[in-house]
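Undergrad: Questions regarding the structure given below will be posed in turn.
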């Protein structure tokens with residue numbers, strides 16, 4: 001009997017293991033088979049347990065009292081609970097599959113309805129378009145028929161109104177000929193204007209080429225033969241706003257002290273830029289009425305090249321003589337800018353724009369190659385100018401015959417200091 005109990009226990013365990021494996025491997029297509037198998041195994045297990053209980057009640061009772069640990073390792077209640085849970089899970093999966101099948105059938109039906117509706121709609125649209133095209137064609141034929149009838153009526157009534165298609169064609173040809181003539185006239189006029197523009201451009205090119213080659217007459221020198229308050233020259237070229245400048249010139253003073261070779265005055269400040277030297281004082285550069293003394297050593301009767309530069313950045317200034325740096329400094333009207341629209345005078349110091357001259361500050365001697373640039377020239381450029389070279393870039397006061405007017409007896413004379421030197425441009 002003990003052997004029979006153990007055999008039933010082993011069978012029950014095997015059934016539960018098989019049930020667990022079947023549950024682990026179940027899929028959506030085998031749920032019904034699993035359900036049947038579970039029910040069958042549960043029934044067999046119950047029958048075996050009942051048989052064991054009926055045949056060996058006394059023996060089991062005796063063994064249990066003698067050996068209480070006989071069934072301690074087997075929890076029958078736990079096994080039955082597990083089997084019930086598996087059964088419930090299988091039933092739930094079964095219900096879910098049925099629900100999904102119903103949903104798929106519904107979606108399939110709706111898709112079929114949509115496809116049927118699409119086919120019906122396409123057929124209806126095609127039919128509608130065909131009918132519409134036929135209607136439009138009929139309307140076009142009717143309109144053409146009406147126009148033909150009107151033309152035939154017009155030809156029959158041609159006795160009182162001589163109107164024919166040939167006449168209309170003739171009028172159209174005349175209009176086309178007239179338009180063609182007008183087009184040719186416009187083309188000729190346009191060609192004429194183009195030729196005039198080309199001639200103007202060619203003249204401008206020749207003028208620029210002449211300027212580059214020095215063919216435009218260049219002023220040689222200005223002469224101020226005596227000390228007066230009325231002898232001077234004016235540079236007509238407008239001076240723009242400047243944040244820096246360089247002034248260079250050739251000077252041959254006839255007396256001690258150079259007077260005022262150059263002065264630039266604006267309505268707000270007559271001493272906007274001044275280069276001067278009194279009879280018994282050093283040469284000076286004035287910017288916005290601020291003064292810097294220049295360590296220049298100028299002699300009478302010989303040509304000397306002088307350059308001065310200034311920048312609003314820190315008020316830095318430099319003075320050159322003969323192409324060599326003679327002195328430099330800073331804090332000369334720092335941050336100031338040279339105001340535009342003033343008057344640039346050669347030979348006199350101005351107390352007002354273009355006037356207020358004082359003979360004691362006048363230049364006596366000769367000037368040549370006066371130039372003003374809108375930047376600080378490099379030492380090499382200054383040295384080139386002192387060797388009779390040229391620096392054209394940035395020039396704001398060209399030294400030309402047409403840009404300088406003389407007054408009060410000042411004269412434009414030949415004999416500039418670089419006439420015997422070769423020039424090189426930079």
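Cβ atoms here come from the backbone N, Cα and C positions, even for glycine.
All annotation found in TrEMBL is predicted automatically rather than curated by experts.
From TrEMBL, here are the annotated features:
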COILED    134-198  coiled coil
DISULFID  248-307  disulfide bond
DOMAIN    218-418  domain 'Pentraxin (PTX)'
Undergrad: Are there any residues at least 6 positions away along the chain from residue 248 (disulfide bond) with a Cβ closer than 8 Å to its Cβ? List them or say none.
TA: 305, 306, 307, 369, 370, 371, 373, 377, 382, 385
Undergrad: Pop the mean pLDDT for the coiled coil (134-198) in here, whole number is fine.
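TA: That stretch averages a pLDDT of 73.
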Undergrad: Using all protein chains in view, find how many other C-beta atoms are within 10 Å of the C-beta of residue 307 (disulfide bond).
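TA: I count 26 other Cβ atoms within 10 Å of it.
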Undergrad: Where does residue 307 (disulfide bond) sit in the DSSP three-state scheme?
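TA: The three-state answer is strand.
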